[in-house]
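Visitor: Reproduced below are the annotations present in TrEMBL:
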- 1-12: compositional bias 'Polar residues' (COMPBIAS)
- 35-48: compositional bias 'Acidic residues' (COMPBIAS)
- 105-238: domain 'SLC41A/MgtE integral membrane' (DOMAIN)
- 319-461: domain 'SLC41A/MgtE integral membrane' (DOMAIN)
- 1-57: region 'Disordered' (REGION)
- 62-86: transmembrane segment (TRANSMEM)
- 92-111: transmembrane segment (TRANSMEM)
- 151-171: transmembrane segment (TRANSMEM)
- 177-207: transmembrane segment (TRANSMEM)
- 219-240: transmembrane segment (TRANSMEM)
- 252-271: transmembrane segment (TRANSMEM)
- 283-303: transmembrane segment (TRANSMEM)
- 315-332: transmembrane segment (TRANSMEM)
- 376-393: transmembrane segment (TRANSMEM)
- 405-425: transmembrane segment (TRANSMEM)
- 446-469: transmembrane segment (TRANSMEM)
Amino acid sequence: MPSDPARSSMTLSDPADGAYSETDPMLGERRLSADETDGREEDDEDEGPGSGVHNMPKESPLAMALQILVPFLLAGFGTVSAGMVLDVVQHWGAFQYITEIFILVPALLGLKGNLEMTLASRLSTAVNVGKMDSPIEKWNLIIGNLALKQVQATVVGFLAAVAAVVLGWIPEGKFQMSHAVLLCSSSVATAFIASLLQGIIMVGVIVGSKKTGINPDNVATPIAASFGDLITLAILAWISQGLYKCLDTYPYVSSLVCAFFMLLTPLWMVISSKHPASRTLLYSGWEPVITAMVISSIGGLILDKTVSDPNLAGIVVYTPVINGIGGNLVAIQSSRISTHLHFHCAPGEVPDETKGCYYPCRTFCGTGANHRSAQVLILLVVPGHVIFLYTIHLMKSGHTTLTPIFMSVYLATALLQVLLLLCIADWMVHSMWRSGKDPDSFSIPYLTALGDLLGTALLALSFHFLWVIGDRDSDVGD
């Protein structure tokens with residue numbers, strides 16, 4: 001079959017022209033059509049190692065499961081640690097007297113979905129389609145994306161604090177300026193510092209995956225969350241408690257902290273605008289990030305109201321776990337589907353089997369790579385949560401006895417959450433690709449935010465249900 005001319009690669013330091021689209025930065029030098037893909041898979045063994053065409057990584061379900069398992073467990077233990085930290089710090093002065101900090105928790109923990117996992121997904125796709133083979137292209141891509149992430153983290157941190165003020169105080173008719181400034185300072189500083197640390201770790205993971213021959217789609221997004229929740233929550237607790245102690249004696253400290261990090265924003269904007277891909281997202285990438293923050297904040301409001309009920313305070317330790325695990329699994333699936341589309345479909349075109357009305361069997365029933373990954377991911381939910389529940393129990397954290405009723409209700413809740421998220425991911429990623437948007441940048445923020453909202457809401461309903469049916473020694477309450 002005659003091949004099309006190779007697609008000229010835009011150098012990453014060149015200015016973007018008007019035709020530069022959101023999906024262009026991640027596209028390989030030549031995309032295979034569906035027919036070419038079938039032929040290519042048959043001829044792979046005859047393909048010389050020097051071929052310039054990048055092929056979709058092949059992996060068996062077992063190899064996929066093994067690659068996913070270790071980072072999945074690491075991420076799970078990270079969320080368990082975050083839950084244990086939240087269980088402790090909920091009794092600190094700042095969290096006791098400024099309860100709106102609880103509204104910030106899902107929004108700031110959700111930054112790993114808004115920013116870290118999105119960065120991981122973009123760079124994983126870039127590795128797989130060969131956009132990081134050149135050292136110059138690689139580092140321009142990395143620096144541009146890291147700078148973009150700092151801009152987004154600062155702005156989202158500020159908006160999350162505003163949302164916490166609106167959702168927490170306005171309905172009650174209470175407003176205190178010093179507390180509002182403390183919320184803004186804590187949120188902005190936490191978002192900035194945590195995003196920078198996690199971004200550096202993420203780049204190291206993806207570059208290391210490329211060198212060791214591991215598919216970064218399988219490991220990057222869960223590792224992005226491995227210590228993300230713990231780091232973010234620890235920083236938020238430390239900063240908010242420190243600023244709370246300064247509130248009476250040095251009230252201006254909160255304002256100075258907020259102003260310092262906000263004034264760094266123009267510097268990061270200049271750096272990110274040097275790269276065409278990050279410059280495109282600097283203007284067009286705000287919709288999913290801000291919408292996801294609002295969705296997560298609604299989950300935070302549910303958490304704030306649930307924690308305020310002494311009978312249901314035991315929910316705190318489990319919230320980061322169920323939200324984090326659901327977000328990690330759906331981010332893996334989203335990243336894999338996006339990479340598949342980048343390889344095999346032009347923007348605006350989707351595979352024949354995904355056309356027409358969506359139905360859930362489409363996600364799980366089949367022998368394609370994305371079907372197999374959905375099956376593997378759903379099989380990890382129950383054993384994974386059992387391990388994490390017993391870890392919390394052995395560490396004597398939380399206030400919940402692992403009764404058979406509690407275990408059954410909790411695992412059913414977790415399974416329902418992930419089933420819904422995987423179905424939504426299948427529909428959303430293909431819909432975004434059909435509309436010409438890059439799913440790597442747009443889908444994961446929505447999906448992880450929905451994971452936070454679904455996880456918190458379903459968990460709150462589960463605890464209410466357990467309380468109503470009488471599974472309530474001091475195990476459900478605090």
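From the backbone N, Cα and C atoms, a Cβ is placed for every residue, glycine too.
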Visitor: Out of 151-171, 252-271, 376-393, 405-425, what stretch is closest in contact terms to the transmembrane segment (315-332), meaning most Cβ pairs under 8 angstroms?
Guide: 405-425
Visitor: Out of 62-86, 151-171, 177-207, 252-271, 376-393, which stretch has the largest tally of CB pairs under 8 angstroms to the transmembrane segment (283-303)?
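Guide: Selected stretch: 151-171, with the most Cβ pairs under 8 Å.
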Visitor: For the domain 'SLC41A/MgtE integral membrane' (105-238), what are the DSSP-based totals of helix, strand and coil residues?
Guide: 118 helix, 0 strand, 16 coil
Visitor: Go through the chain and flag residues at least 6 beyond the ends of the transmembrane segment (252-271) whose CB is under 8 A from any CB in it; none is fine as an answer.
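Guide: Same-chain contacts beyond the ends: 143-144, 147-148, 150-151, 154-155, 157-158, 178, 181-182, 184-185, 188-189, 192, 239, 243, 246, 282.
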